[in-house]
Amino acid sequence: MGISNKLRLSSRMLHRRILYSSARSFTTTEGHRPTIVHKRSLDILHDPWFNKGTAFTMTERDRLDLRGLLPPSVMDSDQQIQRFMTDLKRLEEQARDGPSDPNALAKWRILNRLHDRNETMYYKVLIANIEEYAPIVYTPTVGLVCQNYSGLFRRPRGMYFSSEDRGEMMSMVYNWPAEQVDMIVVTDGSRILGLGDLGIHGIGISVGKLDLYVAAAGINPQRVLPVMIDVGTNNEKLLKDPLYLGLQQHRLENEEYIEVIDEFMEAVFTRWPHVIVQFEDFQSKWAFKLLQRYRSRYRMFNDDVQGTAGVAIAGLLGAVRAQGRPMLDFPKMKIVVAGAGSAGIGVLNTARKTMARMLGNTETAFESAQSQFWVVDAQGLITEGRDNIDPEALPFARKTKEMERQGLKEGASLVEVVREVKPDVLLGLSAVGGLFSKEVLEAMKGSTSTRPAIFAMSNPTKNAECTAQEAFSILGDNIIFASGSPFKNVDLGNGHVGHCNQGNNMYLFPGIGLGVLLSGTPIVSDGMLQAAAECLAAYMSEEEVLKGIIYPQISRIRDITKRIAAAVIKEAIEEDLVGGYREMDSRELKKLNEEELMAYVENNMWSPEYPTLVYKDD
């Protein structure tokens with residue numbers, strides 16, 4: 001069919017063609033047509049990408065020389081999952097390495113073993129039980145995994161690039177077996193969650209994030225790549241540990257560090273020009289520099305700076321709605337931010353842009369938005385009177401004379417700032433567990449808001465600025481509470497419930513990655529990130545937000561991700577950055593209506609179904 005005929009397709013025919021082309025070309029439905037493999041017998045059983053275990057049919061067992069290597073009963077995937085779940089419940093305690101090994105880590109071990117032997121079944125289990133297992137494969141348990149990674153390491157997952165590999169990375173990328181990689185999550189291990197420098201152990205965060213890309217966004221697991229860049233560690237305990245698996249040297253600095261990251265980026269984009277790279281848990285001094293260095297050249301974004309910011313903005317907009325006000329009232333909110341690291345500054349920059357856009361994007365609007373924030377770090381309130389202010393925090397430093405009129409001065413404590421400002425929102429991104437003390441929470445009683453919001457966003461759980469129980473017990477039920485790690489809802493008596501919203505990045509980054517992939521955009525723009533945040537903020541119904549529920553249940557993650565991906569694609573079209581994906585070129589993508597766009601996204605999301613395997617000799 002010629003191009004001119006294609007353009008004349010009716011909406012219904014185009015929709016049908018979208019479904020057909022996606023099914024024909026993408027992994028969503030590759031399980032419905034044979035997959036060619038170049039191995040058989042025990043090699044297949046030892047390959048987690050193709051192993052089906054007892055689900056191999058008798059025909060396949062004959063075709064792949066498996067007859068006799070498996071028990072004779074053929075089970076379907078549902079029966080396999082039932083068997084696994086039964087074993088999981090029985091083995092959880094047995095898998096613990098002594099009484100000090102937490103139960104969550106035992107679950108991680110068991111799931112990891114399944115991942116090692118059967119990827120399809122692993123993701124089937126994860127998707128079906130996402131609410132229970134997301135906290136195991138991701139935060140908060142992933143923090144515990146990273147802290148103990150050398151002892152947990154059994155088989156490699158992902159790739160390791162080190163400063164010892166300088167000059168070799170361009171050839172190293174060809175050691176990875178996948179001809180196509182859609183998504184890379186890379187860390188240098190310098191600031192894992194709120195746990196600090198964990199060196200090479202940080203690979204656990206890359207693995208966990210990509211598990212969610214597969215489960216939530218339907219990125220094909222054969223096209224994801226976790227990466228650790230080892231440039232040394234400043235963690236003295238690891239430097240002295242004879243069992244540590246990484247380079248036992250102090251971290252590279254300055255140009256030497258940049259040269260390693262530059263070489264890595266050039267290597268992966270040379271082999272996979274359309275890959276998306278998500279930077280994860282880089283310390284603040286590098287997070288911003290690397291983002292600015294690469295964002296206009298490569299398809300990349302930094303989840304700590306941009307993803308955390310987007311989730312926080314969605315929560316802040318939800319908090320406005322929970323007061324029964326329109327989201328356009330957001331620029332009127334007074335916000336005290338505890339923490340000025342990469343996550344805190346990322347939230348500040350994004351919130352300021354959002355407010356300014358709502359006010360008309362003029363210079364006056366920008367200044368007005370900037371005046372809504374009070375930033376407190378380890379040294380107290382940041383004002384222009386401070387020496388050696390971090391350049392990233394400088395725009396948010398309060399004017400000294402203005403603060404004196406408010407009764408505040410440089411370095412004022414958090415409780416002093418809260419008392420004087422009477423904020424609508426207290427937002428924690430400090431990585432200091434318990435920072436929102438009883439005294440600080442008591443001070444929030446003076447908030448001028450009809451329904452103040454407490455956002456204790458630091459991860460993992462032990463680093464949360466306060467617990468849900470603490471916030472509700474001190475401030476009562478007329479607050480909005482959100483945290484980075486999961487907390488249980490609080491029973492307030494008399495049938496009242498204090499809702500605990502988990503403001504986790506997993507609501508956004510899978511949808512951002514999927515939307516960028518399917519739009520074919522060459523860069524990840526601020527507009528796309530903004531569209532993703534606003535889509536998340538609007539996802540909840542009015543009834544839900546008025547109850548204090550501002551983030552959806554994790555069980556709805558695939559639907560959320562689909563909608564966010566569609567919002568990212570629409571924004572790419574608006575900014576004229578859309579390039580198309582596979583058979584769907586940019587012109588056809590621009591013609592899709594809302595329903596067709598959602599169908600396009602959904603039909604390009606991988607699902608864990610066993611494909612029929614056919615052996616072909618190399």
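A Cβ is built for glycine as well, from the same backbone N, Cα and C atoms used for every other residue.
What TrEMBL annotates here:
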- 115-295: domain 'Malic enzyme N-terminal' (DOMAIN)
- Tyr138: active site, proton donor (ACT_SITE)
- Arg191, Asn459, Asn504: (S)-malate binding site (BINDING)
- Lys209: active site, proton acceptor (ACT_SITE)
- Glu280, Asp281, Asp304: divalent metal cation binding site (BINDING)
- 305-573: domain 'Malic enzyme NAD-binding' (DOMAIN)
Task: Among Arg191, Asn459, Asn504, the record's (S)-malate binders - longest CA distance, Å - done: 17
- [ ] Please tell me which one of the recorded positions listed here (Arg191, Lys209, Asn459) sits closest to Asp281 (divalent metal cation binding site), measuring Cα to Cα?
- [x] Arg191
- [ ] Could you tally the C-beta atoms, other than its own, that fall within 10 angstroms of the C-beta of Asn504 ((S)-malate binding site)?
- [x] 26
TODO: Out of Arg191, Lys209, give me whichever of these recorded positions has the highest number of other Cβ atoms within 10 Å.
DONE: Lys209
Open item on the list: I need the neighbours of the divalent metal cation site defined by Glu280, Asp281, Asp304. Which other residues of that chain put their C-beta within 8 angstroms of the C-beta centroid, in sequence order?
Closed with: Thr187, Arg191, Ile192, Ile205, Phe279, Phe282, Ala287, Asn302, Asp303, Ser342
Task: Set of same-chain residues at least 6 away whose C-beta sits under 8 angstroms from Asn459 ((S)-malate binding site) - done: Thr139, Pro140, Gly143, Leu193, Gly194, Gly484, Ser485
